[in-house]
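The feature ATP binding site is assigned by Swiss-Prot to 209-216, 607-614. Feature annotation from Swiss-Prot assigns coiled coil to 406-502; the stated evidence is sequence analysis. The domain 'Clp R' annotation in Swiss-Prot covers 3-149. What Swiss-Prot records for 6-75 is region 'Repeat 1', and it gives sequence analysis as the kind of evidence. Here Swiss-Prot flags 87-149 as region 'Repeat 2', drawing on sequence analysis. Summarising the annotation, Swiss-Prot assigns region 'I' to 166-412. Feature annotation from Swiss-Prot assigns region 'II' to 533-724.
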Amino acid sequence: MNPDNFTHKTNEALVAAHEIASEAGHAQLTPLHLVAALAADKGGILRQAISQASGGDAGAPDSFERVVSGALKKLPSQSPPPDSVPASTALIKVIRRAQSAQKKRGDSHLAVDQLLLGLLEDSLISDCLKEAGVSAARVRAELEKLRGGEGRKVESASGDTNFQALKTYGRDLVEQAGKLDPVIGRDEEIRRVVRILSRRTKNNPVLIGEPGVGKTAVVEGLAQRIVRGDVPSNLLDVRLIALDMGALVAGAKYRGEFEERLKAVLKEVEEAEGKVILFIDEIHLVLGAGRTEGSMDAANLFKPMLARGQLRCIGATTLEEYRKYVEKDAAFERRFQQVFVAEPSVPDTISILRGLKEKYEGHHGVRIQDRALVVAAQLSARYIMGRHLPDKAIDLVDEACANVRVQLDSQPEEIDNLERKRIQLEVEHHALEKEKDKASKARLVEVKKELDDLRDKLQPLTMKYRKEKERIDEIRKLKQRREELQFTLQEAERRMDLARVADLKYGALQEIDVAIAKLESETGENLMLTETVGPEQIAEVVSRWTGIPVTRLGQNDKERLVGLADRLHQRVVGQAEAVSAVAEAVLRSRAGLGRPQQPTGSFLFLGPTGVGKTELAKALAEQLFDDENLLVRIDMSEYMEQHSVARLIGAPPGYVGHEEGGQLTEQVRRRPYSVILFDEVEKAHVAVFNTLLQVLDDGRLTDGQGRTVDFRNTVIIMTSNLGAEHLLAGMVGKNSMKVARDLVMQEVRRHFRPELLNRLDEIVIFDPLSHEQLRKVARLQMKDVAVRLAERGVALAVTDAALDVILSLSYDPVYGARPIRRWIEKRVVTQLSKMLIQEEIDENCTVYIDAAPHKDELAYRVDNRGGLVNAETGQKSDILIQVPNGAATGSDAAQAVKKMRIMEDEDGMDEE
């Protein structure tokens with residue numbers, strides 16, 4: 001018995017049997033050990049043969065394995081186990097019988113199937129099969145069928161891995177047609193595939209198209225048509241096998257093993273005489289698959305059979321991979337006929353979604369509204385870039401269904417958030433109880449109040465949730481019961497059991513329908529749980545994927561949008577024209593009436609330095625995203641050379657940094673809903689503006705890697721100082737403001753090309769700030785200082801006289817508002833810093849800033865009795881206290897420190 005004359009599979013089985021015997025402490029290696037090793041191989045031919053011999057019973061191999069394990073336990077064992085485990089006489093006889101069968105077959109190596117035939121003649125193995133309820137004669141017959149009608153020979157050490165190669169390395173799509181999703185449309189593509197398959201030679205279609213357009217679905221549609229008989233007679237009885245290239249390559253550790261597997265597949269296809277069609281998804285993998293030194297790739301094994309028409313093969317690949325791999329091999333390409341699968345239109349996608357609706361409803365246990373399917377197709381086409389219909393629309397529906405299912409099976413988000421907040425406050429409550437300082441005691445009172453309010457809010461919500469959950473669970477149970485009864489009804493109708501049919505149809509089923517209708521009619525308004533997937537759920541998923549707010553506007557959103565201009569004015573002093581232009585553009589976009597193929601708004605802001613051009617862009621980003629840092633800021637002074645355009649859109653192929661993408665395109669691709677600020681735009685090279693033309697016109701830009709970036713949900717703001725000197729001259733009275741504005745526009749038209757200016761929504765000229773407006777700016781800057789002081793528990797009070805001093809010492813009409821900030825930082829913040837370090841200012845005190853007696857300096861006074869938190873009452877004061885020169889008016893800034901952090905009050909600052 002020379003192991004070199006055994007196949008790899010046989011040797012592996014003998015080694016595994018030896019390990020089983022050693023671990024069990026058995027003195028000899030018996031046929032039982034060998035059968036146990038072969039039965040443990042889940043994909044082995046013994047399990048296949050037993051399953052088929054018992055009429056396709058999947059549990060029969062496991063039953064046999066249990067019987068063999070029981071028999072092994074009865075064998076005598078030694079402890080400690082013996083050093084060597086020799087083969088028993090019975091096993092040697094089995095191998096000799098197998099070798100004699102091998103010689104009759106003409107095999108060069110002893111294969112596993114011959115070894116099994118030898119094992120079946122052993123009485124102990126036959127008894128085990130009988131005990132498991134399997135006929136040994138049938139198992140023998142199934143093993144002999146494995147090699148096919150012609151009795152294929154094993155001529156190499158890996159020859160026995162290729163029995164039933166199609167079953168091992170592929171799956172029959174015709175067999176699985178009932179489990180596949182229904183294919184809607186694609187009739188023209190399926191007909192073209194059928195026509196190509198019916199040719200005499202080169203009868204191999206290749207489906208090419210973008211990822212996600214439904215190439216594989218065309219083949220699944222063909223499989224379903226074959227099952228229905230809706231194909232020409234030459235395709236009626238064919239098997240459509242999807243070849244798994246990964247399984248073919250996986251585990252092929254010996255040279256030539258991959259080619260041997262593939263040849264076995266092709267031989268089975270050839271023997272089927274046209275009754276097998278291969279489907280290879282990602283067919284470009286065939287080119288180069290298995291190629292190593294001294295071996296050929298899979299494509300060269302396919303070519304002869306493809307050309308002669310002996311092999312009918314359907315391929316599928318994307319346009320890019322077809323061009324990259326297949327077109328390079330002209331001999332391989334000419335054997336295939338191209339079938340282009342185009343992206344379906346939105347109406348076609350809606351039809352596809354309607355066809356898939358039942359499958360997704362059944363899987364998730366939810367109900368999908370038809371309007372949700374329409375919205376999924378429309379929103380995915382409009383907002384999700386870089387992917388294709390119907391794939392992205394199907395994914396939207398799937399995720400929306402999954403969200404609803406998860407919400408049904410878990411606590412509503414509202415209750416969950418309140419529970420988390422309650423736990424957080426309880427932890428804070430326990431921590432503050434141990435503190436003795438004034439601020440902690442004041443905060444403790446506040447935490448107790450918040451906890452009481454939270455518990456009052458949480459209790460009714462929890463009760464409502466439990467009631468709704470019970471109702472939905474009851475409806476689901478009734479529906480499952482109805483499905484079971486309908487199945488029983490169909491069975492009774494087939495058996496012609498009319499009494500049972502009448503009993504079910506007019507008794508049990510009617511009762512269940514009445515119960516379901518009653519429970520569904522109990523649904524009130526403002527439900528916490530919903531088992532319906534509607535347009536809102538789809539829009540929510542789109543918003544989560546893209547960051548674009550496409551959800552239906554809530555009451556808070558409506559109030560925010562209507563008051564957007566007022567809230568921008570709280571931060572930007574003056575400039576009513578610019579603020580209203582930006583606010584109106586955002587309003588149009590969020591109402592859904594903006595132009596669909598252009599950015600939300602595109603503006604050119606003109607005016608002298610320090611009047612609020614950049615500040616307005618930051619304020620808009622803060623209002624839209626609650627964070628002014630979510631602003632895509634491009635400083636155009638960095639783009640003064642022609643080659644710097646590549647930094648915006650990404651370096652072209654072959655240049656350093658090609659893989660990194662552009663500074664503008666990458667940020668917008670990640671956050672399509674953003675405010676883009678091109679600062680100091682007149683300083684950029686003219687070539688930069690050429691790239692912006694298509695952004696302003698079509699809302700799209702192609703980056704250095706050929707990807708289209710969507711700018712349709714961005715607000716584009718350009719700022720420039722062109723002609724600022726004319727506006728300043730108009731302000732001091734040398735010209736009228738109208739003449740100054742005309743001069744600015746002339747300057748702009750000289751510098752920028754007409755095609756750029758013509759694409760902008762609005763060119764807004766910012767006026768220089770008046771003395772009164774600069775006072776408001778000074779107050780805003782002092783408010784910023786007050787915020788920093790409030791973090792240390794210090795309140796700040798500033799008189800109007802102090803603001804007048806600040807203005808008189810810092811005002812410069814040429815530079816606008818920026819000198820005020822510089823002066824406050826240099827004088828006021830420096831003085832306050834000195835007072836903090838010298839411990840003149842302490843926690844819970846108020847700093848009063850007033851004009852000094854000689855009017856060109858500021859006077860500072862500290863009151864230790866005030867501060868943010870009154871030590872006696874525990875009440876909080878405003879962080880910036882306005883002290884006018886005349887009678888006291890209301891607070892200028894209704895802002896308070898909450899949890900020792902600054903929380904902006906919604907009312908903001910009262911305008912004078």
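Glycine is no exception: its Cβ is also placed from the backbone N, Cα and C atoms.
This view paints the features noted in Swiss-Prot onto the structure.
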residue: Gly209; record: ATP binding site; CB count, 10 Å: 21
residue: Pro211; record: ATP binding site; CB count, 10 Å: 14
residue: Val213; record: ATP binding site; CB count, 10 Å: 22
residue: Lys215; record: ATP binding site; CB count, 10 Å: 25
residue: Gly607; record: ATP binding site; CB count, 10 Å: 26
residue: Thr609; record: ATP binding site; CB count, 10 Å: 16
residue: Val611; record: ATP binding site; CB count, 10 Å: 30
residue: Lys613; record: ATP binding site; CB count, 10 Å: 28
Original post:
Taking DSSP three-state, what's Pro211 (ATP binding site) in: helix, strand or coil?
Top reply: coil
Subject >> Mean of the pLDDT scores, which run from 0 to 100, over the coiled coil (406-502) >> reply: 79
Subject >> Reduced DSSP assignment, Gly607 (ATP binding site) >> reply: coil
Subject >> DSSP residue counts for the domain 'Clp R' (3-149), split into helix, strand and coil >> reply: 98 helix, 6 strand, 43 coil
